[in-house]
Amino acid sequence: MGALEAVSIADGAEAKLVAPEALGADVWRAERTAASPGSGSFMRMSVKSPTTSHPLQGDGDVPASSLPLGRAASPHSVGRAASPLSVGRAASPLSVGRAASPLSVGSSRRILAEIADPVDEHEERQRQLFRAAEQRRLHREDIARSSLSSEDIAVLRSGLSNAHECAAPSELPVLNGAFPEGLRGDLYLLGPGRFDVRYNVQRELEQATRVFTYGHILDVPPLLTKISFDPQRRAIVHRARLIARQAAGRVQTEHGITTKVPGALYMSDTNQTVLGRILPRGTHHPSAEGECCGQAVHLGVPVQGSTETVVCTNHVCALQRIDPGDLHPRATVELRDISRAFKGALSCPHMQHDPGTGEHFAVLQDVGFRSTTYTVVSLSAAQPDGHVVARFTEQAAVLHSFAITRDYVIVPVYPYSAPIGGMAYRWGDSLLEALSFDRSRPALFYVISREYRRVQCVYKCPAFFALHQVGAAQDPAADAVSLDMVAYSDDAVLRRLQVDALRRPGAPRIPAGELRRFQLAGITAESARYAGPGAGVARLPLARSLALRIEPVELVQISPAAAMRPYAFAYGLAHIEALQAQSPGQPAGGAMYNCIVKLDVGDPAAPPLTWSRTHCYPSEPVFVPRPDDGHGSRREDDGFVLSVFFDSMRITSCLLVLDARTFKEVMIAQLPAAVPISFGHSKFWP
């Protein structure tokens, strides 16, 4: 070994090591962190070697995802013959599971170490890169040792595999660019975390292990990720926590899912017997991690007397209060626990917040056999027990979001029908199996006065479906309200989010919607003519609609400063192949969205700005305005766009920061573990 010395690490310690070949950099560093907290024991070494470019570093010829997952000498190796991150090759110093490898993993680990000389800033930067590469190597090492099949590898590549919890904070190494100047605050990303749960089945003479897989991506127990930006230290700190451990743990004991209310799942097989399904419901899971609240994340909602919390919600009225610091779940409450007047088993997971009044609004559905009562409620720090804004009766529907303006709450009711009345809902577990989209009926918009706390009027339009609102603005001069939504002809997008289908290679792309504006004109005049719910649909005024952009998009966000106001720019996800007018049957894009797009809503002819990388799938983009420098007003798009993308070939995730105006990369930072692809949401807390 020459000047290098072999050092043995005990099984109780965690070894972090990096080879020059991993990234072709200047320093080979190894750290040893004792198993006991606070021991502080470590060893470091360095050795010089020629420098090459990291795949995510600079503007080189190697794209982010040019390191495919393949098979070399090892049947489960990761990499190509020329890949700097290859695992399992006979000649590679990072071989896994081979007796001749100096870094083989067995009952003990051996690393190469040497005392490091003083280093400059460039070398310290390279060390951070090496540390990130080693974390990826250890993850691939775990993959190789677990004897994965080609089907398992396909699941990993799909981005829909179980996430690894990173409860301890860790600083992210910057792979490309520099820390965004002036960016301060915390990014919270909510998405699926645990798709598969193993459980044991007792047989006559032995135990068998089976795997339960959640059927729909919105039913999966969630992972909450926090990424903090500290401009003083120019540091980015990451942590992630699974926030529904008990809910996932019940699958192991009950060999499936037991639901407390009908329609608690979107579309998942509970794996329960017929007897188990007809037993009386009402099982309550009041523990902090007993509910899967993974559909929306909110900030500052007054729950249990505190507004300094992160609140995660689902569609069955549960609110999970999360510590904003360590992401530890503190409590899970239901809306009915806040007030007896809040009645309903279903709720809209996306609450709406008015920053001017501090109110948070929610919508509940109390599903009956013939009709459903909708209840609009308000919560605030001044009135933590809340109050009912209005009630109205309609048919049950899948309601994922709604809108508010300064004076109104607008609740869309999409055309759904329930087979055999409400019986299918009462005896069913999956909401999408109990309700069917009905194209023959119109969609409705209920306009509710916040001041008078009553339904002012109702508008109708041809049948459509939407998951997400983009913005709502009130025009006092025209006595009108404009609603911008990502609209679809039906609810196929929701039914296509099934885990097994998305995991299959070559799965068809999930639909992307059309950014449409619905105009509700003459509200005051229509309020005077409104005759109540029994007047009939034929007499209702028509809501006009127009397409704002032709690009198919989803998960669209705008500047928080434009909330309840007219806006100029929108940021969302799309399929890059669709934007480039390629064949929709082309399999290159994968099922999930693979592109971030910026749309100029004020100028439909302006070309969209896009960001994409091969085999990379970004999360919902979040716009963060640049801090005010005191020199007057800024442009609406003066800020940053944040997203976390999953690289399906390298099976890793990175934080992406874009300049919102130019859409050029400002920074890419490596996450310590992969974050699954999601249809989830993010919020930034400045």
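Just so it is clear, glycine is given a Cβ too, placed from its N, Cα and C backbone atoms.
Whatever TrEMBL says is automated annotation, not expert-curated.
Pulled from TrEMBL, these are the features on record:
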type    : residues                       : note
REGION  : 33-86                          : region 'Disordered'
BINDING : His350, His400, His468, His681 : Fe cation binding site
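On the structure: features taken from TrEMBL.
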{"residue": "His350", "record": "Fe cation binding site", "Cβ within 10 Å": "23"}
{"residue": "His400", "record": "Fe cation binding site", "Cβ within 10 Å": "21"}
{"residue": "His468", "record": "Fe cation binding site", "Cβ within 10 Å": "19"}
{"residue": "His681", "record": "Fe cation binding site", "Cβ within 10 Å": "23"}
Three-state secondary structure, His468 (Fe cation binding site) (per DSSP): strand
Additional residues around Fe cation, ordered along the sequence, whose Cβ is within 8 Å of the centroid of His350, His400, His468, His681: Gln295, Ala296, Pro349, Ser401, Leu467, Gln469
